[in-house]
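Listed in Swiss-Prot:
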type    : residues : note
BINDING : 37, 185  : substrate binding site
BINDING : 113, 158 : ATP binding site
């Protein structure tokens, strides 16, 4: 699938946060896609015509970003092109939560990507940012399956173990590196990468599982370089971009059916 992505070089339109925009663009280029970064409301119609997919990230949310996301969804939905929503921090504020719900209820979202706290928030299950509440009986498998069913999307939950679901089947993906949690933009790039894989028009559940596995394997490969060279967070960032640009063999990442 990665080989096909690099042959096609899909154009991925990103409405993302300004903290991570450069990293997202460079990451997509490394992976083999072409980034387009725009949040100009008046050009959403035109960009939807030429782009292969849309990734929306609400990391630096404001009134203008909300209007832009709504306008973009309208046009991408009309053209039946994949849309990925990354509801960053939607468990942290009413504005983020309500905006995420409004965008989801538009009916145009193809994939919903977030961590356990974010996805749990959107299905009414309270989670801590670092995992599920000890008093909450719901498991990641139950949360992601419910999210996929409730919003008719492919749900992608990232963490130490990733999970993907279409509402019926749930797959888990292990592997990766702890360094992913120590750099800004790893999740933002992951959402954009999800959009790039969905643009290939393959089975969406399998596409998301493959993307998660490749992403974790690239992180693992980058971590090996960091350890070999006595590096840390900064060097991991650059080694990770390098790893994304190289052939990626799934040696450390494992896809398993959970449900």
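Residue numbers in this text run from 1 along the chain shown.
Just so you know, glycine gets a Cβ as well, placed from its N, Cα and C.
Long-range neighbours of residue 185 (substrate binding site) (same chain, six or more residues apart, CB within less than 8 Å of its CB): 19, 20, 23, 24, 27. Cα to Cα, residue 158 (ATP binding site) and residue 37 (substrate binding site) are separated by 23 Å. Rounded to a whole value, the Cα-Cα separation of residue 113 (ATP binding site) and residue 37 (substrate binding site) is 19 Å. The Cβ of residue 37 (substrate binding site) lies under 8 Å from the Cβ of 14, 16, 21, 24, 25, each on the same chain and at least six residues away in sequence. DSSP assigns residue 185 (substrate binding site) to coil in the three-state reduction, outside any helix or strand. Under the three-state DSSP scheme, residue 158 (ATP binding site) falls in the coil class.
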